[in-house]
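Trainee: The active site annotation in Swiss-Prot covers R272. As annotated by Swiss-Prot, Ca(2+) binding site applies to E173, D175, D215, D219. According to Swiss-Prot, the disulfide bond annotation covers C329-C357. Annotated signal peptide per Swiss-Prot: 1-31, in sequence order, evidence recorded as sequence analysis.
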Amino acid sequence: MNKVSGRSFTRTSTCLLATLIAGVMTSGVSAAELVNSKALESAPAAGWASQNGSTTGGAAATSDNIYVVTNISEFTSALSAGAVAKIIQITGTVDISGGTPYKDFADQKARSQINIPANTTVIGIGTDAKFINGSLIIDGTDGTNNVIIRNVYIQTPIDVEPHYEKGDGWNAEWDGMNITNGAHHVWVDHVTISDGSFTDDMYTTKDGETYVQHDGALDIKRGSDYVTISNSLFDQHDKTMLIGHSDTNSAQDKGKLHVTLFNNVFNRVTERAPRVRYGSIHSFNNVFNGDVKDPVYRYLYSFGIGTSGSVLSEGNSFTIANLSASKACKVVKKFNGSIFSDNGSVLNGSAADLSGCGFSAYTSAIPYVYAVQPMTTELAQSITDHAGSGKL
């Protein structure tokens with residue numbers, strides 16, 4: 001692990017950046033600059049992460065708590081600074097398994113779940129920062145809050161020992177990212193989460209049933225709050241985003257789970273974009289692409305409204321192949337919930353009429369200032385062009 005100072009850095013050329021990174025990785029001495037000055041940015045005002053305080057991550061880090069890391073050993077060492085403000089810059093692929101395959105459920109649980117402490121910014125350098133074979137966990141059990149994750153690719157973990165549930169088949173356990181147990185003030189920006197090199201058509205069968213090895217992409221649950229997800233790409237995944245742990249978890253979740261989603265792309269995701277229990281979700285200017293006849297990631301729905309969950313959808317784009325205008329209500333599914341409103345969204349190039357889908361209007365006030373751009377083909381393409389890792 002190599003520490004770098006807190007002075008800002010203006011990138012003048014690709015060669016200069018490459019030289020700096022090479023020096024950090026090979027010399028074993030402290031470099032002179034902060035490689036990615038965007039690590040000093042706070043969560044945008046247009047989002048729940050800006051409310052009831054702010055989300056600054058590790059922006060206040062002193063020079064001895066700014067790092068460049070290239071592997072899991074360096075990453076966990078940097079995280080060991082605890083709640084002190086820190087900036088952890090990622091270059092290349094971090095294999096959370098350390099190159100040693102997980103033997104079984106217990107081994108995967110022990111080694112694959114990486115807890116990100118309070119006052120931390122994790123940010124990728126350049127275009128190839130990546131996490132594989134594990135999960136980033138933002139767990140509020142010990143008071144964790146004020147975390148920023150930016151410009152990284154997360155390949156969803158593969159459960160090496162799924163559990164079997166009678167009537168439901170094989171179920172996997174691990175998510176790409178999990179915000180849980182009261183964690184609050186979290187900003188996820190320019191992140192890509194995808195099944196990557198192991199897609200669902202590669203599942204085998206066991207005891208006559210599909211051996212499912214993926215769980216969620218990004219889950220937010222158990223009383224977590226004040227989260228903004230922006231400019232991110234969710235690609236090729238089934239159960240994408242669960243907000244709210246269960247129908248019976250009202251004691252922990254009620255009045256929490258305020259989440260904003262904007263300028264994100266949900267591409268070839270089957271469902272849960274998101275599925276909501278108890279949470280209050282604001283989704284605007286996002287792009288949803290799918291196909292109800294996709295042979296691998298068959299589109300089921302985007303918004304799932306569960307127990308006491310509510311969603312305000314504004315200016316979103318739905319391009320769903322083989323879905324007619326008369327079936328527009330397929331984009332929002334009722335799971336014991338009743339509150340959903342949409343304004344200005346587009347389905348397959350025409351205004352989406354979601355007013356007759358059987359929901360009550362979303363009436364809660366949005367406390368922050370935001371601007372919904374009218375959804376056009378050009379805007380949808382621009383959002384797509386700028387979403388995900390490597391686009392910061």
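Glycine too: its Cβ is placed from the backbone N, Cα and C atoms.
Values in this document were obtained by computation on a predicted structure and should not be read as measured data.
Let's see these features in context: how buried, what's close, how far.
Mentor: DSSP assigns R272 (active site) to coil, not to a helix or a strand.
Under the DSSP three-state reduction, D215 (Ca(2+) binding site) is assigned to coil, being neither helix nor strand.
Within 10 Å of the C-beta of C357 (disulfide bond) we count 17 further C-beta atoms, all protein chains included. DSSP assigns C357 (disulfide bond) to coil, not to a helix or a strand.
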Trainee: From the Cα of R272 (active site) across to the Cα of C329 (disulfide bond), what is the distance in angstrom?
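Mentor: Answer for this pair: 15 Å between alpha carbons.
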Trainee: Quick check: which same-chain residues outside E173, D175, D215, D219 lie with their CB within 8 A of the centre of the Ca(2+) site CB atoms?
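Mentor: The surrounding set, listed in chain order, is S135, A172, W174, G176, N178, G216, K239.
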Trainee: For the binding-site residues listed here, D215, D219, which shows the highest count of neighbouring CB atoms within 10 A?
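Mentor: Result of the Cβ crowding comparison: D219.
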Trainee: Quick check: in three-state DSSP terms, what is C329 (disulfide bond)?
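Mentor: Looking at the DSSP assignment, C329 (disulfide bond) belongs to a helix.
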Trainee: So among the binding-site residues E173, D175, who's got the most Cβ atoms within 10 Å?
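Mentor: The largest 10 Å Cβ neighbour count belongs to D175.
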